[in-house]
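**Q** One structure, pasted below without further comment.
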Amino acid sequence: MKIAVVVFPGSNCDVDLYEALHTVCRADVEYVSHKQKSLAGFDAVMLPGGFSYGDYLRSGAIARFSNIMPAIIEFANEGKLVFGTCNGFQILTEAGLLPGALKQNNSLKFICKTVELEVVNNQTPFTSLYEANEHIKLPIAHADGSYYAEKDVLEKLEENGQIVFRYAGENPNGSLNNIAGITNEKGNVLGMMPHPERAVEALLGNEDGLRLFRSLLANGKKTEEAAR
Amino acid sequence: MINVRIFVTYKESVFDPQGETITEAIHSLGHSDVKQVHVGKFFDVQVDSSKENVEKTISEISEQLLVNFNLETYHYEIMEEA
Amino acid sequence: MIATEMSPQEIKSKKPYLEWGLSEKEYNYICEKLLKRLPNYTETGLFAVMWSEHCSYKKSKPVLREFPSKNERVLQGPGEGAGIVDIGDGQAVVFKAESHNHPSAVEPYEGAATGVGGIIRDIFSMGARPIAALDSLHFGEINQARTKYLINEVVAGIGGYGNCMGIPTVGGEMTFDECYTGNPLVNAMCVGLMEQKDMQVGRAKGIGNAVMYVGAKTGRDGIHGATFASADFSDEKETQRSAVQVGDPFMEKLLMEACLELTNKHADWLVGIQDMGAAGLASSSCEMASKAESGLELTLDNVPQREPKMSAYEIMLSESQERMLLCIRAGFEEDVEKLFENYGLEAVVIGRVVEGHQYLLKHKDRVVADIPVSSLTDDVLEEESQEKVPLRILQTRENQNWIPQINDVGETLRKMLQQPTIASKKMFTQTYDSQVRTNTVVGPGSDAAVLRIRGTKKALAMTTDGNGRFVYLDPKIGGKMAVLEAAANLIASGALPLALTDCLNYGDPNDPEIYWELHQSVLGMAAACRALNTPVISGNVSLYNENNGEAIYPTPMVGMVGLVKELKYAVPSFVQQQGDLVFIVGNTEEDFAGSELQKMITGEIKGNLNDVDVAQMSSRMMKLLSAMKKGLVKSAHDLSEGGLAIALAETTFGTKCGLDIKTHLNGEELFSETPGRFVVTVAPESQKLFLDEIQDEEVTYVGTVTNNKKLTVAYENGQFDLDLKKAEGLWEEAIPCLMKSKD
């Protein structure tokens with residue numbers, strides 16, 4: 001299974017995703033520039049955190065127009081795995097691959113800290129190695145992480161089991177329904193504000209994010225074997 | 001050249017923490033008569049086009065880029081014809 | 001916009017240079033001795049900025065020579081963008097700190113943000129990837145709206161820039177004293193990591209090689225920022241306070257990635273690289289020429305400009321942010337253009353290295369400056385300064401020191417935990433991304449931050465420290481203490497101190513008392529540097545920190561970096577396990593002058609400091625480090641503001657443990673601030689080996705780690721119990737509470 005980490009101008013967690021996959025999970029991973037137009041040869045694509053295009057206008061709003069975006073949209077529509085964390089999540093909502101939007105935190109401040117999350121749905125290719133309703137801890141680091149969607153959209157997310165992660169302790173940013181991460185209807189696109197890639201090594205004090213990458217790799221492998 | 005000012009604001013139902021904070025600050029200045037503040041942004045755009053076409057351009061750029069319809073809405077004013 | 005520039009004659013008669021910070025004596029010297037003619041408008045402007053204290057160090061140079069700047073590990077000392085230290089395996093650590101006090105006092109968000117931006121450029125200009133940022137912030141008491149505004153905006157500016165750049169802000173310090181109310185101190189430090197083979201210097205040499213400009217366009221922002229930084233504030237001058245630049249961290253992120261690609265992959269194209277910082281294109285270009293003893297010819301029409309009709313003077317002196325100057329080997333100009341274009345950036349040839357040593361500027365087919373490079377960089381008139389011992393110090397020498405009397409020690413400790421300088425700074429530090437790039441092993445809130453070096457067993461520890469109170473009472477002893485405190489923070493983390501950078505923040509050096517403070521404190525710092533073998537490899541001087549004639553405490557900030565040879569021997573500052581034994585390393589004396597306790601009880605800072613034996617302290621620290629390297633120490637925390645009592649409480653915060661302590665000290669001495677002390681915990685089975693290793697008479701066993709959240713202290717004349725859960729709450733809530741209160 002080969003994974004692409006897309007680098008936009010201003011991405012800054014690209015290295016963290018790469019290292020989590022390459023060094024910790026020993027996965028086959030490659031950086032892909034925003035200028036490229038194809039994702040041929042890749043089985044999953046990841047959109048890193050950071051400040052693409054300086055987060056000018058709105059977080060993620062300008063990255064949506066980069067060369068690589070049509071390929072990502074096509075990739076998602078083919079049912080392949082797409083994952084976005086933090087700025088990656090913001091880009092996925094701006095691009096319409098995920099519903100809703102991410103607003104400025106209620107505190108109006110950037111917040112970097114570890115928060116408690118509930119794994120609401122462990123039946124996704126990204127979360128299968130977590131227990132149902134398991135509580136985990138992951139770092140957040142964002143200024144615009146308050147999830148917003150209209151009422152009917154929220155209801156649909158709840159009904160379809162598209163809410164994958166919810167803030168379990170305090171709600172750090174004002175997200176509606178305590179939403180920390182959601183998938184699209186098909187379940188192959190996951191966006192989340194917390195940073196699992198920052199929690200993959202005991203040395204740095206937290207390994208709760210590791211199973212997200214392991215889940216994805218295990219499920220990717222299964223799909224590959226099935227295809228064979 | 002036509003100058004257009006596009007205003008982008010949160011939809012009414014969306015909580016505006018900046019507006020909220022500013023309202024509080026205004027109250028602490030003693031202006032209890034100020035009941036609510038909503039924060040928005042505006043874009044001053046110079047369009048080199050005819051009056052007939054300018055509206056189409058403005059709605060296209062607003063809808064494709066400047067506005068996130070999940071949260072925001074917009075209106076615009078044609079300021080002057082230069 | 002300057003429509004008609006003054007002629008050389010008009011300059012001579014109308015003396016605009018006085019406004020720009022050039023004295024009449026200097027102007028005459030330039031006319032009569034250096035040029036033997038009258039300088040034109042642009043040339044006069046160049047002299048004014050290049051001869052400002054900010055660029056020339058004309059005031060502080062004689063004093064700075066006191067610092068040791070070399071040892072066996074130093075690869076690059078002061079004089080380049082940043083200092084470089086060998087850390088083995090072909091790698092090096094690069095670091096520097098810089099003050100941005102004046103811009104931050106005027107426009108705190110942009111002032112702090114561009115301070116961070118500037119120091120980051122200094123690091124990547126050396127060919128190093130910035131891996132961490134730290135800061136040292138000193139504000140007035142949190143009791144007025146203006147101070148709260150300054151704090152919020154400065155913190156937001158630091159976070160705004162660093163977070164966007166993806167450089168973790170991992171540590172720093174923040175203190176509060178009346179004297180900083182009108183003139184806060186905003187010092188930023190950046191640490192970078194590099195392969196020694198990628199080392200770069202800011203040099204323009206080789207006749208015919210190109211001078212290339214990269215990054216943001218030049219606007220009229222920040223003209224005369226360097227001279228502005230060298231003048232003191234008074235309220236009448238409010239209108240002159242317009243020299244603040246606006247930062248664009250997104251542009252800088254692109255610029256950094258492009259420059260690192262150039263320095264690390266195409267070293268053969270590159271001759272030299274330098275940040276356009278204070279005094280912009282003027283200082284970067286003539287410093288690059290001066291260091292290589294080259295001549296330079298620049299065509300200013302080619303400088304990318306953001307605003308129309310800029311004059312040569314404005315182009316040269318602009319302090320627009322996010323710009324770098326490169327010297328590129330002839331023939332590689334197009335390759336460089338392409339490299340930068342790939343990042344969406346402009347790279348433009350604006351001139352060439354030429355024969356001779358002249359600095360020749362052309363604009364609109366006119367020669368606008370034609371002067372020897374050295375006249376700007378080397379011929380500065382060094383100023384002799386008068387020194388005088390301040391009256392307050394002479395008077396204090398006669399007096400007895402203040403000795404506190406405390407009735408309720410437990411209650412005093414609770415109050416002390418809520419003093420802003422001691423209380424938790426989490427509400428600020430959690431607005432900084434301290435983890436991005438996933439190397440942060442220990443982040444904000446510890447003695448020192450610790451970052452692992454990927455692919456090795458090593459780690460770097462780093463800290464910033466500056467305690468103006470001690471320096472104010474006795475500059476020499478206070479100077480020693482500033483360096484020792486930084487070293488102690490590194491030692492407590494299990495790191496060997498390597499070297500340091502500094503920001504010397506003082507008042508008006510033309511005041512003989514202030515110059516004396518500067519000189520004495522540097523002597524003290526230098527003595528401690530020599531004892532610890534930690535040379536000063538970079539830094540800056542910020543003078544004229546005054547507001548309406550009132551100077552700040554003399555505040556030298558020390559930024560120090562240490563090496564942890566094997567990460568598994570890094571030591572946390574928090575207690576680890578029930579049953580571990582608690583020791584105090586270092587004896588406690590009656591050191592209450594300048595202490596937090598004195599400030600809390602009496603509201604002032606007063607008295608004589610006891611001298612410190614830097615050799616003894618250094619040897620104690622090395623012994624402790626060697627015990628750590630043998631895995632004999634479970635946790636260590638350096639004793640600073642608030643002394644032993646505060647340190648004991650702090651080591652338990654965030655853990656499930658408490659402490660049961662018995663000491664021969666009296667209740668007051670629990671708050672004494674004798675420097676060079678540590679509270680360490682040791683596993684019972686390691687006790688003997690630990691004591692053998694330390695072999696210090698000044699090690700005292702004081703108790704054990706417990707599993708209840710309680711701090712029980714039996715002291716000479718009483719005992720108290722502190723509910724640590726409640727105490728931690730007080731400590732965490734103190735600053736948020738002050739920041740929220742309405743006044």
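Every residue gets a Cβ built from N, Cα and C, even glycine.
The structure displayed is predicted, hence computed values, not measured ones.
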**Q** Kindly point out which candidate in C:LYS14, C:LYS15, C:LYS96, C:LYS458 is recorded by TrEMBL as part of the ATP site with C:TYR57, C:ASP502, C:GLY539.
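**A** Checking C:LYS14, C:LYS15, C:LYS96, C:LYS458 against TrEMBL: the ATP site match is C:LYS96.
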**Q** Let me know which member of C:SER538, C:SER542, C:SER573, C:SER595 TrEMBL also records as binding substrate at the site of C:SER99, C:HIS100, C:ASN101, C:HIS102, C:ARG121, C:GLN245, C:GLU319, C:SER320, C:GLN321.
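**A** Checking C:SER538, C:SER542, C:SER573, C:SER595 against TrEMBL: the substrate site match is C:SER542.
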**Q** Do me a favour and check the Cα-Cα span between C:ASP122 (Mg(2+) 2 binding site) and C:LYS96 (ATP binding site); whole Å is fine.
**A** 8
**Q** Which chain-mates of C:LYS96 (ATP binding site) that are at least 6 residues away have a CB under 8 A from its CB, listed by sequence?
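**A** Once residues fewer than 6 apart are set aside, C:LYS96 (ATP binding site) is near C:GLY81, C:ALA82, C:GLY83, C:ILE119, C:ASP122, C:ILE123, C:MET189, C:CYS190, C:THR501, C:SER538, C:GLY539, C:ASN540.
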**Q** Using the centroid of the Cβ atoms of C:TYR57, C:LYS96, C:ASP502, C:GLY539 as reference, list every other same-chain residue with Cβ within 8 Å of it (recorded ATP site), in sequence order.
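**A** The answer, listed by sequence position, is C:LEU64, C:PRO78, C:ALA97, C:GLU98, C:THR501, C:CYS503, C:LEU504, C:VAL536, C:SER538, C:ASN540, C:VAL541.
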**Q** Within the domain 'PurM-like N-terminal' (C:445-564), count helix residues (DSSP H, G, I), strand residues (E, B) and coil residues, in that order.
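**A** The domain 'PurM-like N-terminal' (C:445-564) comes out at 45 helix, 42 strand, 33 coil.
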**Q** Kindly say whether the domain 'PurM-like N-terminal' (C:79-194) and the domain 'Phosphoribosylformylglycinamidine synthase linker' (C:11-58) touch, using the definition of 3 or more Cβ pairs under 8 Å where each pair is 6 or more positions apart.
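**A** No, these stretches are not in contact.
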**Q** In the domain 'PurM-like N-terminal' (C:79-194), how many residues does DSSP put in helix, strand and coil?
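**A** Final tally across the stretch: 47 helix, 45 strand, 24 coil.
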**Q** DSSP secondary structure for C:ASP275 (Mg(2+) 2 binding site), reduced to helix/strand/coil, please.
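**A** In three-state terms, C:ASP275 (Mg(2+) 2 binding site) counts as strand.
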**Q** Have a look at the binding-site residues C:TYR57, C:ASP275, C:ASP502 and say which one has the shortest Cα distance to C:ASN101 (substrate binding site).
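**A** Looking at Cα distances from C:ASN101 (substrate binding site), the smallest one goes to C:ASP502.
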**Q** Determine, to the nearest whole angstrom, how far the Cα atom of C:TYR57 (ATP binding site) is from the Cα atom of C:HIS100 (active site, proton acceptor).
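**A** Cα to Cα, C:TYR57 (ATP binding site) and C:HIS100 (active site, proton acceptor) are separated by 16 Å.
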**Q** Would you find the one among the binding-site residues C:ASN101, C:GLN321, C:ASN540 whose Cβ has the most company, meaning other Cβ atoms within 10 Å?
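**A** Per the Cβ count, the most surrounded site is C:GLN321.
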**Q** Give the helix, strand or coil assignment DSSP yields for C:GLU319 (substrate binding site).
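**A** Going by the DSSP assignment, C:GLU319 (substrate binding site) belongs to neither helix nor strand, so it counts as coil.
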**Q** If you measure C:HIS54 (active site) to C:SER99 (substrate binding site) at Cα, how many Å is it?
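**A** If we compare the Cα positions of C:HIS54 (active site) and C:SER99 (substrate binding site), the gap is 11 Å.
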